[in-house]
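Here TrEMBL flags 5-353 as domain 'Isopropylmalate dehydrogenase-like'. Per TrEMBL, substrate binding site is recorded for Arg97, Arg107, Arg135, Asp224. The site 'Important for catalysis' annotation in TrEMBL covers Tyr142, Lys192. The Mg(2+) binding site annotation in TrEMBL covers Asp224, Asp248, Asp252. The NAD(+) binding site annotation in TrEMBL covers Gly282, Ser283, Ala284, Pro285, Asp286, Ile287, Ala288, Asn289, Lys290, Asp291, Ile292, Ala293, Asn294.
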Amino acid sequence: MKTYNVVLLPGDGIGPEIMDVATKTIDYVAQKYNFGIEYEQKLIGGSAIDKYNDPLPEETLKACKSSDAVLLSAIGSPKYDALPREKRPESGLLNLRSGLGLFANIRPVKVWPALISESSLKQEIVQNVDLVVVRELTGGIYFGQPKGRLQSENGERAFNTMTYSTMEIDRIARVAFELATDRKKKLCSIDKANVLDVSQLWRERVIELSYNFPKVELNHLYVDNAAMQLIRQPDQFDVILTGNLFGDIISDEAAMLTGSIGMLPSASLRLEGPGLFEPVHGSAPDIANKDIANPMAMVLSAAMMLRVGLKENNAADDLENAIDKVLKDGYRTSDLMTNGKKVLGCREMGEQILMSLAAA
Ligand SMILES: NC(=O)C1=CN([C@@H]2O[C@H](COP(=O)(O)OP(=O)(O)OC[C@H]3O[C@@H](n4cnc5c(N)ncnc54)[C@H](O)[C@@H]3O)[C@@H](O)[C@H]2O)C=CC1
Ligand SMILES: CC(C)CC(=O)C(=O)O
Ligand SMILES: [Mg+2]
C-alpha cells in the first residue's frame, strides 16, 4: 500500500477546528482508495511562539522539507500584534513559503452551483465565474529589502521595498501561461505599470514571455481597474497573473464572488518538491473556539493536496463532490447566506461532509 508523509500545521485561531474536519475526510478517502497517510503534526505561528518563542521552529521547516505534502490551516492572532515583525506569526508563514521555495500560489475561484444565488453579487454576474489567481508568493513587497523603521527629522519613518527580478517574473509568468494553455487560453496580468518601475519590468517580461505562448490571449489591467472589473464582470477572467501583494488582496475580493472566504482553497507550489496546501482565509480570531467556522476551504485545500500533491485524483474528486452535495442538500455554515437553510457548526458540517462521502 502506498503511504504518504503529510505534515499538518493546524496553526492558530480556527486552524485546529477546521484541520480536525479535514483530516477526518482525508482518512475516509484514504481508506476507500487504499492508500496510507502518515501525519506528522508541527507547530507554526502563534502556537509555535508560545512553545518555542519562534514562529517557524527549525524542526517544523525540516519536517516540511522531507514530507510529501504540507497541509496548513492558518496562523495569526491579535495577541502577537505588539511583537517585532520577525517574531510575529505571519513571519512564520512567510518564512515557511520562502524556505520551501513555494513561489507559485494557485487560488482557484469557482462558484458552487448551490451558492450561485447566494453571492453578495447578483446571480447573473457570478454564475459563470471560473477563474484562477496565480499569485507570486516568495517575492515582491512582502520580502523586499530594505525594509524597516528609522528615526527621521519628521518623526519615525517606515518603509518596505517592492522588488521583482526578471527571473522571479519569468518563472511565475510561465506557470500562469501554462495554466491558461490548459484552460480557456486567456491570461490577464495585473500590475500598476502606470506608476511603479517594478510593474513596468513585470509587464515587459510578461509580454516577452507571451511570444512563447501564441495561443494564449494576453491582456493587462492596472490593479485598481482589476479590482473594479472583478465586481463588474468577473466572468471575463480565466487566469489572473499577479504579484504577491496584489494577489493577496485580489483573491480575498474574488472569494466573495463565491459566497464566502470560507470556500476558497489554495496550493503553494514550486516546480519540484512538496507543496503547501492552505485555505485563502486567515485564522479568523473573531470566531475561534466557537465551533462556527466554515471548514470547506480547508477540506477543499485537502482535495488540492490529494490531486496536485499526491496525485490521488479519485480521492480529490470525492471530497469536492461531497462539498457539492452538502451545499445542494441545503447545509450552510453561518458565514454563508443562511436564509431558509440548515445552519451547522464546524464539527456538524464535518459530519455532514463525511455522510456525503459515505453516500457517494
Ligand atoms: N494564510 C494565513 O494563515 C493567513 C493569516 N492571516 C492572519 O489571520 C488573522 C486574522 O486576519 P483577518 O484579516 O481577520 O482575516 P481572516 O481571513 O482570518 O478573517 C476575515 C473575516 O472572514 C471570516 N472568516 C475567515 N475564514 C473563515 C471561515 N473559515 N469560516 C467563517 N468565517 C471565516 C473571519 O471570521 C473574519 O470576519 C491575522 O493575524 C492575519 O495576519 C490572514 C490571512 C491569511
Ligand atoms: C498572513 C499573510 C502572511 C498572508 C496572507 O494574507 C495570504 O497569504 O493570504
Ligand atoms: Mg490574504
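Yeah, the Cβs are placed from backbone N, Cα and C, and that goes for glycine too.
Curation does not apply to TrEMBL; its annotations are automatic.
Computed from a predicted structure; not experimentally measured.
On the structure: features taken from TrEMBL.
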residue: Tyr142; record: site 'Important for catalysis'; DSSP class: helix
residue: Asp224; record: substrate binding site; DSSP class: helix
residue: Asp248; record: Mg(2+) binding site; DSSP class: helix
residue: Ala284; record: NAD(+) binding site; DSSP class: coil
residue: Lys290; record: NAD(+) binding site; DSSP class: coil
*For Lys192 (site 'Important for catalysis'), what is the secondary structure state per DSSP, taken as helix, strand or coil?*
coil
*Residue pair Asp224 (substrate binding site), Gly282 (NAD(+) binding site) - Cα distance, angstrom, rounded*: 23
*Taking the binding-site residues Arg107, Gly282, Asp286, which residues show a Cβ-atom distance to ligand 1 below 6 Å?*
Gly282, Asp286
_Most Cβ neighbours inside 10 Å, all chains, among the binding-site residues Asp252, Asp286_ = Asp252
*binding-site residues whose CB lies under 6 angstroms from ligand 2, from Arg135, Asp224, Asp252*: none
*What is the one among the recorded positions Arg107, Lys192 whose Cβ has the most other Cβ atoms less than or equal to 10 Å away?*
Arg107
_Can you tell me which of these recorded positions sit near ligand 3, meaning the Cβ is under 6 Å from at least one of its atoms: Arg135, Lys192, Asp224, Asp248, Ala284, Ile292?_
Asp248
*asked:* Given the recorded positions Arg135, Lys192, Asp248, find the one whose Cα is closest in space to the Cα of Ala288 (NAD(+) binding site).
replied: Asp248
*In Å, rounded, how far does the Cα of Arg97 (substrate binding site) sit from the Cα of Tyr142 (site 'Important for catalysis')?*
11
_Give me the long-range Cβ neighbours of Tyr142 (site 'Important for catalysis'): same chain, 6+ apart, Cβ under 8 Å, in sequence order._
Leu94, Asn244, Leu245
*Proximal but sequence-remote residues of the same chain as Asn294 (NAD(+) binding site) (Cβ under 8 Å, at least 6 apart)*: Ile18, Ser260, Gly262, Met263, Thr333, Asp335, Leu336, Cys346, Met349
*Using Cβ-Cβ distances, find the residues under 8 Å from Asp248 (Mg(2+) binding site) that belong to the same chain and are at least 6 apart in sequence, listing them in sequence order.*
Arg135
